[in-house]
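Please find one structure pasted underneath; my questions will follow.
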Amino acid sequence: MGVICPDCLRQGQQATRRPLGRRLRAVTQNDKPLVTYWIIGICVAVFALQWLIQPFVTQAIWYAPAYGIPGQFEPWRMVTSMFAHSPGFIFHILLNMYSLWIFGRTLELFLGRWRFLALYLVSGFAGSVMVLLSGYLSQDYLLTPVVGASGAIFGLLGAFLVIQRTGGGQTRQLLVLLGINFVITFLPGMNIAWQAHVGGLIGGLVVAAIYMYARKPQQKWLRVGLVAAWAAALIVLSCAYFVVPYTTFWS
């Protein structure tokens, strides 16, 4: 699904220090971003299996819009694909895991483990939903498989943007980071799944907006309900081909 511009990550990391830093100073040394570590560990383990058992493992877990067609419906791939990477391009997983290491740890300590996990998974799933919807554009999109964590990582970037904006922090560097990576995403010959980046970003923006809107302790169940409703809406969209045939808009 693509990678994050490595030269921009340091700028983005600097941009996340306020207002997140004020909250993180209250975190004890015993707190560890375990979810981030586990996600990185799972991605590395899956990559090792992909490399050792080619191409079976990759083909078993990648995702393409064609898997949303009635009769070929395999929706679990919309989740499994976000833990796989291109076995022939090691920088794919290296850059994605580096991005997750930088942004994931900070966000997890700020949000808490369960909210961070929900943000990551919903963002990645939203990226897969956008990949599915791109199948309406052409047969090429319908049949092109994608793998990678970058959809979920773009969701983390979107969440950072919302949190910084809501807290009155600096957002200029984050906007520059997102802009540069979107330019890279659409460069000819890059073979990057722009749909996953766009969908993941939207997914992360929505989840983070919910978190910030219902951030008071007494609003816990409102927050849970809104995130669940957003996830349910994405699940409904993942069944789009059952309602509107994928060839409807082909020219």
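Cβ coordinates are placed from backbone N, Cα and C, and glycine is handled just like the others.
According to TrEMBL, the feature domain 'Peptidase S54 rhomboid' maps to 73-212. Annotation source TrEMBL lists transmembrane segment at 34-53, 82-104, 116-136, 142-162, 174-190, 196-214, 221-244.
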Between the transmembrane segment (142-162) and the transmembrane segment (82-104), are there three or more CB pairs that fall under 8 A, provided the residues in each pair are separated by 6 or more in sequence?
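With 3 or more qualifying Cβ pairs, these stretches touch.
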Which range out of 34-53, 116-136, 142-162, 221-244 gives the transmembrane segment (174-190) the most CB pairs under 8 Å?
142-162
Which one, 116-136, 142-162, 196-214, 221-244, has the most C-beta pairs under 8 Å toward the transmembrane segment (34-53)?
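So the stretch in question is 116-136.
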Which sequence positions outside the transmembrane segment (221-244), separated from its termini by at least 6 residues, show Cβ-Cβ distances below 8 Å to it?
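Contacts with the transmembrane segment (221-244): 65, 68-70, 75, 78, 118, 122, 125-126, 128-129, 132-133, 135-136, 203, 206-207, 210-211, 213-215.
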Pull the DSSP breakdown for the domain 'Peptidase S54 rhomboid' (73-212) and write it out as helix, strand, coil residue counts.
106 helix, 1 strand, 33 coil
Do you know the mean pLDDT across the domain 'Peptidase S54 rhomboid' (73-212)?
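Looking only at the domain 'Peptidase S54 rhomboid' (73-212), pLDDT averages out to 93.
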